[in-house]
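Student: According to TrEMBL, the record shows the following:
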- 1-32: region 'Disordered' (REGION)
- 18-75: domain 'DUF397' (DOMAIN)
Amino acid sequence: MNASKTSPVARHSAAEFSWRRSSRSGGGSNGANCLEAAALSPTSVAIRDSKDTVGDYPILSIPTYDWTGLVTTIKSWRCPAR
């Protein structure tokens, strides 16, 4: 990787953010297999594994416009009901 094209990695505590998950994630063991999202800033969103509420694992940060595109695409899928 070209060092001139890298950017510094910001360090955040998972407790800093208001984490949200889909209302369709359910509870119990199903609710533990979800992604949670939180706004880092007006231009970026943090994503984490719902099982990691203390921040032992990395938090993925993506631009807000990419997050919006991902959510829009997922909502457009037609999955069979379980």
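Cβ from N, Cα, C; glycine included.
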Student: For the domain 'DUF397' (18-75), DSSP counts of helix, strand and coil?
Tutor: 19 helix, 18 strand, 21 coil
Student: Which whole-number mean pLDDT does the model give the domain 'DUF397' (18-75)?
Tutor: 81
